[in-house]
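Asker: Dumping what TrEMBL says about this protein:
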COMPBIAS  252-272  compositional bias 'Polar residues'
DOMAIN    10-125  domain 'Phage replisome organiser N-terminal'
DOMAIN    172-240  domain 'DnaB/C C-terminal'
REGION    246-281  region 'Disordered'
Amino acid sequence: MALKNKRYFWIQLAQDFFKSKEMKLLRKIAGGDTHTIIYLKMMLISLEDGGHIYYDGLADNLAEEIALVIDENVEDIKITLIFLESKGLLTRKNDRDYFLEQVPEMVGSETATARRVRKFRENKQALQCNTDETKCNGDIDIDKEIDIEIEKDIDKDKNKNKNPVELIVEEYQSRIAPLDGTQFEILKEFITLDGMEAKVVLKAIGFAADNGKRNFSYIKAILTNWKKDGVLTIAAVDERERAYKESKIKGQSENQKSNVPEWSQPNYVNTTSEEDKEELEKRKRELLERLENRGG
């Protein structure tokens, strides 16, 4: 039986993480350093679930259940939970689902294969002789084999085990620009508060990138407009695009028709009155007389 390709997760703390107001306040309360460590441990155990911590009901409460996992004092964990909830760093989806708000923007991961390849190349580079800059055929074959294995793993694991918010962060940062905390919260609220599907946010990011509008304001304007019009699902977005294309084609067709003289239409009916016809005939004769006089 083939071994499952394990995935490794880690958190990437921003350079100013411990300088944030929330972390400064946490460290200032009694036992602050302990509570900070508890918070970091909670982040680590939530990584595989994209920031979610689930209460399974094995212990009397969430704090006791977390204590079983991270080996910290229950009372210290309770104080940490109260602080995190009061500062909006921990939100409760329901009685069994809790979410650490900072985790999605900090999470990183790689497969066991990618990890093995990275370590292999690091070790090989460290051991490589400075006088021999040419790879031997054996090294080339090993690299090719590992590269092929990595490509297979990437295809298999792409977007797997990632929550929608994480996908949005990756898509934005790969196609637009680095995403700051405020921008992240705004995009997330379109999903959590307005009930918009994550695919709709991804669509707006892709639309902006494809049209060369790589800025947050443009994406926010698209999403705000869609929300105002009740376009909250990817199906609604697709229907909106289809209707727009149809109206555009119809408009082009009508413009083409308007450039053709009415009298050339097969169903044309001349509605000119007799008085108008006589007036036109009179002007025609006058014009002909002028032309004859000039010619003479």
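Yeah, the Cβs are placed from backbone N, Cα and C, and that goes for glycine too.
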Asker: Of the residues in the domain 'Phage replisome organiser N-terminal' (10-125), how many are helix, strand and coil by DSSP?
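Answerer: So the domain 'Phage replisome organiser N-terminal' (10-125) is made up of 68 helix, 19 strand, 29 coil.
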Asker: What are the helix, strand and coil residue counts for the domain 'DnaB/C C-terminal' (172-240) according to DSSP?
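Answerer: DSSP composition of the domain 'DnaB/C C-terminal' (172-240): 49 helix, 0 strand, 20 coil.
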Asker: Note the mean pLDDT of the domain 'Phage replisome organiser N-terminal' (10-125), expressed as a whole number.
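Answerer: The answer is 84, the mean pLDDT of the model over that range.
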